[in-house]
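Peer 1: As listed in Swiss-Prot for this protein:
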TOPO_DOM  1-81  topological domain 'Extracellular'
CARBOHYD  36  N-linked glycosylation site
CARBOHYD  40  N-linked glycosylation site
TRANSMEM  82-102  transmembrane segment
TOPO_DOM  103-119  topological domain 'Cytoplasmic'
TRANSMEM  120-140  transmembrane segment
TOPO_DOM  141-156  topological domain 'Extracellular'
DISULFID  155-247  disulfide bond
TRANSMEM  157-177  transmembrane segment
TOPO_DOM  178-215  topological domain 'Cytoplasmic'
TRANSMEM  216-236  transmembrane segment
TOPO_DOM  237-270  topological domain 'Extracellular'
TRANSMEM  271-291  transmembrane segment
TOPO_DOM  292-329  topological domain 'Cytoplasmic'
TRANSMEM  330-350  transmembrane segment
TOPO_DOM  351-356  topological domain 'Extracellular'
TRANSMEM  357-377  transmembrane segment
TOPO_DOM  378-469  topological domain 'Cytoplasmic'
């Protein structure tokens, strides 16, 4: 890592003893590592820069870090820290509420028993729920100027849980994309398979082999996420930096003949490749193949004068293609936009650790100000996942409306969760509640509360949603 030229190093050696300076100088990679782990300690860098008395890259005299304005800069950094802490608490609250709601709906509707996709959604909600539980620790750390008050054991636990659930969340998103492609492609492959696991390889029986395969895949995903988080579990520790205790990942000075910089670069390379590049590539590939497959089936059905998807008109195929395209846009863009800034800055740090590019003032300022914002954006994906993968689906919106109405009006107990004109998606057909038995003749419109219509015969329906599709 190139932090100063030869003249700067000579000046520093005159100002301080070599051993003491070398010790302080060696802490810079640790602070950069902490910044690249979860946004921790990134704002401690100006203090260390000032403590070392480094000459600035632009030749300015030492005494203030790059871009620093003295007390004004300190106030700005304090405001940034407080803002980040508030964002962490907001993300934590929204993530807990959203993922708990998804878990409740899945359990009450037994959705995970009906579909491998829903099994992945349940595990994704559990993963994001565990992930947001770590945010209060990072929020407190930010508010305390990145001091770690929880001890060494909690440093290891929180770091490992954060890393493991980050990997697990990305892996489950990838598994859902692959499963969605397989399900839709299998349903459209031949009309002879109609009625035998259409769009849902699990069918309705827990004994089906595909359902067991989905469960086995979930176990493998959790195991792989735990394996990927082992470096955080092993090397996370508390380190004294200028009299303050910080929680960071610190590799030994020499490990298997390699220095600390090499292992830090390898650690972050794993994060970028295994936690972003490969999953994103698989997600994009699956959705591109899915869109192309549906388009080819539509073209073949139109050319042959036959229906697409086992007797369906080409108009239905066009609507399916439109929904898939919309799903592609939402899923890929949300994942890409939330994680790209964080992973781009991490990639920059990898190049510096491998001495491919020099340490610069621009990188320093990005680590101080931009990296914490990118971490917040990446963490917000845990709030978006419940919305993107559950609540935008029609049957879950209906179930949520039913739940809210039952809470608001407990006296109405015979309300149906779905309207007579709305069919649940094929993978959850078994979730529709049976209609209540026919009752005595009643007026056509007995009662009309907001959102509910009571028809003759004792049938209670929710009003159809204008946003349903």
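Glycine is no exception: its Cβ is also placed from the backbone N, Cα and C atoms.
Fair warning: this is a prediction, and the values are worked out from it, not measured in the lab.
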Peer 1: Using Cβ atoms and a strict cutoff of less than 8 Å, what residues sit near the transmembrane segment (216-236) while being 6 or more residues removed from its termini?
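Peer 2: Same-chain contacts beyond the flanks: 37, 119-120, 123, 155-156, 159-160, 162-165, 167-168, 171-172, 175, 247-251, 267, 270, 274-275.
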Peer 1: Sequence-remote contacts (6 or more beyond its ends) of the transmembrane segment (120-140), Cβ cut-off under 8 Å?
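Peer 2: 38-40, 84-86, 88-89, 91-92, 95-96, 99-100, 102-103, 106, 111-112, 149-150, 154, 158, 161-162, 165-166, 168-169, 172-173, 175-176, 179, 214, 218, 221-222, 379, 382-383, 385-386, 389-390.
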Peer 1: Residue list, the transmembrane segment (82-102) vs rest of chain: Cβ under 8 Å, 6 or more residues beyond ends.
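Peer 2: Contacts with the transmembrane segment (82-102): 39, 121-122, 125-126, 128-129, 131-133, 135-136, 138-140, 142-143, 372-373, 375-376, 379-380, 382-383, 385-387, 390-391, 400.
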Peer 1: Sequence-remote contacts (6 or more beyond its ends) of the transmembrane segment (157-177), Cβ cut-off under 8 Å?
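Peer 2: Hits for the transmembrane segment (157-177): 37-38, 117, 120-121, 123-124, 127-128, 130-131, 133-134, 137-138, 150, 217-218, 221-222, 224-226, 228-229, 231-233, 236, 247, 249, 274-276, 279, 282-283, 286-287, 331, 335, 381-382, 385, 389.
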Peer 1: State the count of C-beta atoms found within 10 angstroms of the C-beta of residue 247 (disulfide bond), not counting that atom itself.
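Peer 2: Taking every protein chain into account, the count is 28.
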Peer 1: Return the residues near residue 155 (disulfide bond), defined as same-chain residues 6+ apart in sequence whose C-beta is under 8 angstroms from its C-beta, sorted by sequence, else 'none'.
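Peer 2: In sequence order, the residues whose Cβ lies under 8 Å from that of residue 155 (disulfide bond) (at least 6 apart) are 148, 236, 237, 238, 247.
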Peer 1: For the topological domain 'Extracellular' (141-156), would you mind checking the mean pLDDT of the predicted model?
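Peer 2: Here the mean pLDDT over the topological domain 'Extracellular' (141-156) amounts to 87.
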